[in-house]
Amino acid sequence: MNSKKHLGHTARKRFGQNFLHDTSVIQGIVAAIYPQPNQFLVEIGPGLGALTEPVGELVDHLTVVELDRDLAERLRHHPFLHQKLTVIETDAMQFDFGALYTKENLAEKGQKLRVFGNLPYNISTPLMFHLFKYHDVIQDMHFMLQKEVVKRLCAAPNSKAYGRLTIMAQYFCQVMPVLEVPPSAFKPAPKVDSAVVRLIPHKELPHPVKDLYWLNRVCSQAFNQRRKTLRNALSTLFSPENLTALGIDLNARAENLAIADYARLANWLADNPPADINKDEILDSEE
């Protein structure tokens, strides 16, 4: 028996496909999303419809973004939801959610996008970074993720889970864990535990920065060398005198600073950019 085959479809490794089938977990996720008939919901990676069907039954219309050609075609011909579904066959990492918001005239309707999905674990972090760009047109997001990723999203300073992903997520959103999900809830079963997280974009950013590049830069540099003191880890960006003037303990490490501290450092760099920094380079990170 092919353990990767579910409802006639074989999971494709390159798309990171693991299909949810546990009814109680599905009910818990739908309850957390709490979809209402007139809301504009967007599902990323609907797969075989484990969440699409129960959510679709509760709303007037549902937009789904699916990269897998075969699955997209199945959804277009869904036996009882096809008239409610708009299937966008594309890579969510490349999709312009802002253009969708504009096309659907949601501003005139006083609405924003509600985004949810069982995200492919191999792209979940970069996909969330992509979605954060559209924080001002998104009402909330509910995602199934690797449990360790949810821990990082929800982490507090002075913990091992606290990192660049924590800071960037909490910069844009209020983050709350919803429920934990065992591997047995999927087919094929992943090798890791999963969890559902709720992200609600801030109506007003609590710690706005002048240029997101510098927030990304200082977080990447600090957490890539998280065992070093900030005096050493950030030495190419700040002098010890600069850090002290900004209220940073020279002996602190990356996980000791709050988001407000990183925002303060980023804003100083925006006003005092090092001459030898190329802003077009790709930032590496431990996340």
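The count begins at 1 with the first shown residue.
Glycine is treated like the rest: Cβ placed from N, Cα and C.
Taken from Swiss-Prot, the feature S-adenosyl-L-methionine binding site covers Asn18, Leu20, Gly45, Glu66, Asp91, Asn118. Secondary structure from DSSP puts Asn18 (S-adenosyl-L-methionine binding site) in coil. Summarising the environment of Asn18 (S-adenosyl-L-methionine binding site), the number of other Cβ atoms within 10 Å of its Cβ, over all protein chains shown, is 24.
Look at Asn118 (S-adenosyl-L-methionine binding site): DSSP puts it in a strand.
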